[in-house]
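What TrEMBL annotates here:
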type	residues	note
ACT_SITE	Ser138	active site, phosphoserine intermediate
BINDING	Asp88, Asp358, His362, Asp399, His400, His505	Zn(2+) 2 binding site
BINDING	Asp88, His198, Thr200	Mg(2+) binding site
BINDING	Glu353	Zn(2+) 1 binding site
REGION	444-489	region 'Disordered'
SIGNAL	1-22	signal peptide
Amino acid sequence: MRRPTAFPPFPLLAAVCATVLAACASSGEAPAPAPADAASAAIAVPVAAVAHPAGETPQWWYRGGAARAAANGAMAGRAKNVILFLGDGMSLTTVAAARILQGQRHGGPGEENLLSWERFPHTAFSKTYNTDSQTPDSAGTMTAITTGVKSHMGAIAVSAGDRDDCAGSLGQARLTWLQLADSAGLATGIVTTARLTHATPAATWAHAPDRNWENDTDLPPEAVAAGCIDIARQMVATPYGRGPQVLLGGGRGEFTTVEERDPEYDDKVGQRLDGRDLVAQWKAAHPGGAYVWNREQLRAARDAPAVLGLFEPDHMQYDHDRDRNAEPSLAELTAEAIRRLSRDPNGFVLMIEGGRIDHANHEGNAFRALDETIALSEAVRTAAEMTSARDTLILVTADHSHTLNFVGYPVRGNPILGKVRGGGEDGGSADYARDLGGLPYTTLSYANGPGHTGASNRQPAGPKRHLHAPSSMEPSTGRPDLGGIDTEDPDYLQEALVPLKSESHGGEDVGIWARGPGSAAVRGTVEQNAIYHFIVQATPKLRQRLCEAGTCDRNGVPVELPQPVDFMRQR
Ligand SMILES: [Zn+2]
């Protein structure tokens with residue numbers, strides 16, 4: 001029987017089934033013999049029905065996520081290590097198109113291909129909305145994933161409140177599973193291609209009501225007066241344990257002062273005005289740790305017990321644009337992180353973000369969005385090869401969707417970034433399909449963004465090129481003739497219906513793909529905050545630490561909102 005042994009046995013499911021949702025149906029009447037699937041490991045957690053959204057308290061979100069994960073059997077998990085991959089803005093459409101582009105790069109028609117995580121055995125859909133927004137942002141969504149509690153747009157690991165209310169946020173800090181792991185003595189790491197202080201990585205380690213408080217100069221005076229601290233500072237100093245032994249990404253300027261010249265770009269300095277050298281502070285907290293800012297230094301620091309890598313003053317370069325000798329790939333960063341963290345006998349947790357899929361989509365550039373997704377696929381493949389499915393839970397998900405469309409009736413093997421060839425529903429053709437005005441069109445397009453074909457204050461009417469950041473745009477007077485345009489060019493911007501400076505997020509579900517102990521619980525359509533509960537329930541050391549703080553029910557399921565103060569410890 002795959003049952004938890006460290007905690008009390010399962011309840012009499014039948015008794016509670018009457019009051020709860022889901023999962024009970026699959027538990028059967030008689031005790032199931034040797035359950036092989038997570039469904040038979042279901043534990044019921046009653047959740048009160050509330051009015052929406054008024055009744056959605058942080059405790060309600062937490063318990064609701066716990067109930068769903070437990071009903072799905074996550075408590076049967078025995079993970080030693082956890083790796084969460086986050087494709088920022090990686091909509092299901094982005095995944096499908098990237099899969100085809102990768103397949104076509106390998107010489108196939110493309111549709112047959114699978115990205116690395118699409119070979120994982122377990123999948124679910126994640127509902128991404130924020131407490132105050134139907135279509136969410138990366139901060140509120142990552143807060144749901146890291147704390148088990150949904151929150152407002154812009155929230156960094158605090159529960160729902162006003163975005164500019166520092167004082168109100170101070171009692172609302174929510175413990176993340178990375179801080180929990182640190183407190184439980186596991187090794188921890190964070191890797192991203194964005195700034196380390198950007199929304200997604202920030203919500204693993206910092207607490208702020210506003211995602212924009214990345215360095216000291218970003219905080220309004222009232223927030224400073226009320227006691228709020230910038231995100232960068234929180235990333236290097238932590239009350240929960242050792243803090244992240246691996247911090248790899250961009251955002252060098254957020255950690256260094258204006259007095260300090262950038263090591264890579266002569267014309268740049270750091271951004272901090274408070275005189276704090278956060279790199280030195282991190283080094284002091286990690287004796288023997290290495291600070292690196294390029295690929296060669298990272299490789300040379302292979303034996304260092306801890307590493308802080310800041311590879312760009314801002315976000316790291318797109319994989320397509322990076323200097324391959326100077327800047328490591330996401331797969332390389334992944335390998336360096338796992339190599340170090342896996343030395344810890346207590347196990348490790350690691351968050352790895354493909355942070356720029358989102359940026360390319362915002363810029364209306366499908367090429368880079370798909371290319372970044374393929375880079376993430378390589379990183380996930382690396383992690384899957386370096387770890388064992390017997391002891392390491394790997395989850396791959398996105399925080400939210402985008403407006404990328406994959407439409408028309410292109411023939412099999414048609415270049416995914418190309419113009420549609422094919423005769424539509426009525427039969428195939430080698431010629432370009434035409435709209436009713438006689439013009440060809442591409443398979444991929446955006447519902448909104450800077451790819452709109454009207455004239456802007458930056459580029460003339462017609463197809464737009466990357467990087468297009470207009471501040472004003474005229475309505476398009478008609479579709480451009482793409483006959484002579486190479487839409488597979490990396491800098492081509494797909495047509496966008498509604499002219500916006502920045503293409504927007506989308507509100508539909510994203511995927512969750514999972515492998516390893518506890519991954520069988522990842523199924524169905526779940527609220528995004530259930531991801532936290534999949535992780536803590538499937539990892540005995542994490543749920544044990546939560547139980548020690550008195551947050552578990554009689555079945556050992558963490559159901560009560562943990563108070564961060566209970567997890568702080570002296571260095
Ligand atoms: Zn975004």
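The backbone N, Cα and C atoms fix where each Cβ goes, glycine too.
Under 6 Å, Cβ to nearest atom of ligand 1: this is the test, and of the binding-site residues Glu353, Asp358, Asp399 it is passed by Asp358. On the backbone, the CA of Ser138 (active site, phosphoserine intermediate) and the CA of Asp358 (Zn(2+) 2 binding site) stand 9 Å apart. The secondary structure of Asp88 (Zn(2+) 2 binding site), as reduced to three states from DSSP, is coil rather than helix or strand. Taking the centroid of the Cβ atoms of Asp88, His198, Thr200 as the Mg(2+) site, the other same-chain residues with Cβ within 8 Å of it are Leu86, Ser138, Met142, Thr192, Ala194, Ala199, Pro201, Glu353, Gly355, Asp358, Asp399. Cα-Cα distance from Asp399 (Zn(2+) 2 binding site) to Thr200 (Mg(2+) binding site): 9 Å (rounded to the nearest whole number). Among the binding-site residues Asp88, Glu353, His400, His505, the ones whose Cα sits within 10 Å of the Cα of Thr200 (Mg(2+) binding site) are Asp88, Glu353, in sequence order.
Candidate binding-site residues: His362, His400. Fewest other C-beta atoms within 10 angstroms, His362.
Following the DSSP three-state reduction, the secondary structure of Asp399 (Zn(2+) 2 binding site) is coil.
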